[in-house]
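Student: Pasting in a structure now, in structure tokens, and then I'll have a few things to ask.
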Amino acid sequence: MFLPTTKEEMDEWGWEELDIIIVTGDAYIDHYLFGASVVGRYLVEHGYRVGIIAQPDWKNLDDIKRLGKPNYFFAVTAGNLDSMLAHYTPQKRLRDFDSMSNEGIRKRPDRATIVYTNLIKRAFKGVPIALGGIEASLRRFSHYDYWDNKVRKSVLIDSKADILMYGMGEKSILAITKALESGENIKDLEINGTVVRVNERKIGDIKERYETKELPSHEEVVNSKEKYAEMHRKLMTMDKVIYQKVGNQYLVQFPPIYLTEKEMDEIYEMPFERRAHPSYSYVPGIVPVQFSVVTHRGCFGGCSFCSILHHQGKVIQNRSERSILKEIRKLLNHEDFKGVIQDIGAPTANMYRMGCKKGLADRCPKNCLYPEPCENLIINHKPLIKLYRKIRDIVGDDVRVYVRSGVRYDLIMYDEEYGEDYIKELSKYHVSGRLKVAPEHISKKVCKAIQKPDGRLFKKFLEKYREIAEKVGGIKEVLPYWLIAHPNCSIKEMIELAEFIHKNNCYSRQVQVFTPTPMTLSTTMYHTGINPITNEKVYVPYTYREKKIQKAICLYREEENWEKALEGFKMVGYKGVIYRWIMEQMEKKKKQKKDKNKKNRLN
């Protein structure tokens, strides 16, 4: 049974009023990979009445009023993606498709968190509003906004909401609900996993009672790129209460909340429908994930461009094997199931049961994997291999079980005891088409900025994976994902990547142009020209022209990219192997055209 989205559906639940109303920028998909569904179900499991308003019309008040006024508060999320990222390409062109909307038709506003909050304030004066989701989470402090090309204030201040939940949000939203139920004022709450606004007097009180860390003020980070870089450095650990001055008020972030294994199991075993609400004809976003299974949360990879660090965190939070296998059995009986489990994974598929042996991940500013794996890091694929085998025993030979989440190839290479066994399992039983990995780049200079191993380790992985996969009769093709126009990547580094691709036979059309998103290390480098970890200056490819050239060089095998790639080669005086390959292909095309014209004349 879906959570209610109309008064009629409230009647089906036997509810005359609601305690919490969730407003989301996504279509309502009742699946644990969609935040509104997870927190909604979690609150219902704890005895509260919850409704969902998905993608309300923001041009009038009728839609936002359809469920009435909640007893406690509205919870607002832009959806599974930052609304600006969902709407615009890296070249800031408007996208014409939104996979999280019915029929792919765009139905959310730009800066959805702010727009929805203002809509609620117009409709219901004085009702408390809590923000959540990835957009709010990563915009909780002052942040560089790529689309405005400026440093913006926290979305909590810009929206004038009452409280912001960062991270995954289940326990913090439950704590907020219980506090309001007991009569507390939302403006007085001090709950882990949240950010609040306070005045000068209150910040003094907080500093007396907590161990705190102060960020440079909003005014400082707007006017100084060095201060902005300092702010990022200070945000690399989250164990203390963190505060930032903004004008005459302060933002205060309380430490993150992590889930126990029991709590993880409770959340993922809730009775999700695993489909879009029946009011929709077709929501594309559910298709590739409908029968995916999450094994854990968090990622200690520390990629510079990734938002997971500041959202889910570095601490791996595992589900029990029992809970995962229980879900597998349940999937087999779902009426929509057609014999394929699309993914067994998480932000990084092969981090299940791994992590810091000292439990210090959230307090340690160091990268767990780069430049070398930390001595305190547990790297062991045995629990995952065991899990895969148990899943196959349950589903039998007629059901395909894939691993489509990202796999960290460096973790496999660092696991001397079970790395090769993991390759055997993966290639033989769990790869669909080609193994998807994300080296991102191979240049030492670029990989240092990205905080990933360079091409030397990836080359060794390619050789090892292909060799083992061939021996066991597995799928030996590898599909790399490449990232272009990242800070420290110039045309010379793109040529270096293209030559590596050519030499190692790992061409891929999976190429992404770097887009600066709030709160990431890469975005700090893009905005400041400084690597805040090393304090070194970095090269930043700002212009659309250079980004197009870099993309053309990476996709050098496509005929439509040859002229643009040659333009880039001319800029740096390059006449190496990729230049010669393109010239040979152009000559062949020219000869083919000439022969064809000659044949036509003879006819």
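Each residue, glycine too, has its Cβ placed from N, Cα and C.
From Swiss-Prot, here are the annotated features:
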{"type": "DOMAIN", "residues": "285-557", "note": "domain 'Radical SAM core'"}
{"type": "BINDING", "residues": "CYS299, CYS303, CYS306", "note": "[4Fe-4S] cluster binding site"}
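On this model, are these features tucked inside or out on the surface, and what's nearby?
Tutor: Remark: CYS303 ([4Fe-4S] cluster binding site) has GLU440, ILE450, GLN451, LYS452 as non-local neighbours, by Cβ distance under 8 Å and separation of at least 6 in sequence. CYS303 ([4Fe-4S] cluster binding site) falls within neither a helix nor a strand when secondary structure is assigned with DSSP, and so counts as coil.
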Student: Just how many other Cβ atoms lie inside 10 Å of the Cβ on CYS306 ([4Fe-4S] cluster binding site)?
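Tutor: CYS306 ([4Fe-4S] cluster binding site) is surrounded by 21 other Cβ atoms within 10 Å.
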Student: Specify all same-chain residues, apart from the site residues CYS299, CYS303, CYS306, whose Cβ lies within 8 angstroms of the center of the Cβ atoms of the [4Fe-4S] cluster site, ordered by sequence.
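Tutor: Other same-chain residues with Cβ inside the cutoff are GLY301, GLY302, PHE305, SER307, ILE308, LEU309, PRO347, THR348.
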Student: For a quick check of packing: other C-beta atoms within 10 Å of the C-beta of CYS299 ([4Fe-4S] cluster binding site), how many?
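Tutor: A count of 23.
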